[in-house]
């Protein structure tokens with residue numbers, strides 16, 4: 001039990017839980033307020049669709065280790081602990097988003113909110129592995145801003161702007177699912193960290 005507590009403290013799990021609670025509160029405050037996308041069709045989507053970005057980044061930061069070199073030589077299988085943490089927090093965030101998005105009426109609802117959570121999570125986990133742990137927020141934030149500015153929820157083309165697509169867009173769902181799977185695979189190896197140079 002002591003090892004589990006130490007692991008939870010070192011991985012900022014409590015901070016991630018606080019973020020999930022804060023995002024839930026923000027979602028209740030925003031309710032059905034919408035964001036006007038920059039498209040010729042004057043489409044708009046609920047702000048709740050972007051809240052999963054914050055949760056995804058917070059969950060990804062739990063995959064970071066304050067002692068990266070020790071992780072690599074640890075006797076215990078830390079990959080299993082990492083994935084259990086990420087999956088557990090993701091399920092909690094999914095439950096929160098399901099409650100928040102349930103009252104929404106229109107093309108964007110629970111499916112789109114949960115899809116965005118796992119898509120952004122996949123991007124963040126990939127960013128943590130390919131770039132650096134502390135830079136894990138860059139890919140999902142960049143993609144979110146890009147799609148919120150240029151995305152078209154009514155488009156029938158390839159769903160590069162999957163975060164703004166409606167519930168019934170199957171291509172957007174597939175892209176987010178692929179990102180999530182790739183992110184989980186990447187998370188098994190931990191995040192990329194810069195090694196401190198010996199003095």
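FYI, residue positions are counted from 1 along the chain as it appears here.
Glycine too: its Cβ is placed from the backbone N, Cα and C atoms.
No curator has checked TrEMBL annotations; they are predicted automatically.
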Worksheet entry | Range among 17-38, 83-104 that TrEMBL annotates as transmembrane segment | 83-104
Response to the item:
Of 45-63, 64-82, the range TrEMBL tags as transmembrane segment is 45-63
Fill in: For the transmembrane segment (170-189), distant same-chain residues with Cβ under 8 A (at least six beyond the ends)
60, 63, 79, 82-83, 86-87, 111, 115-116, 118-119, 121-126, 128-130, 158-159, 162
Worksheet entry | Within-chain partners of the transmembrane segment (45-63) [C-beta distance under 8 Å, separation at least 6 from its ends] | 11-13, 15-16, 19-20, 23, 26-27, 30-35, 37, 82, 85-86, 89-90, 93, 96-97, 100-101, 104, 106, 108, 112-114, 116-117, 120-121, 123-125, 127-128, 133, 136-137, 140-141, 144, 148, 153, 163-164, 187, 190-191
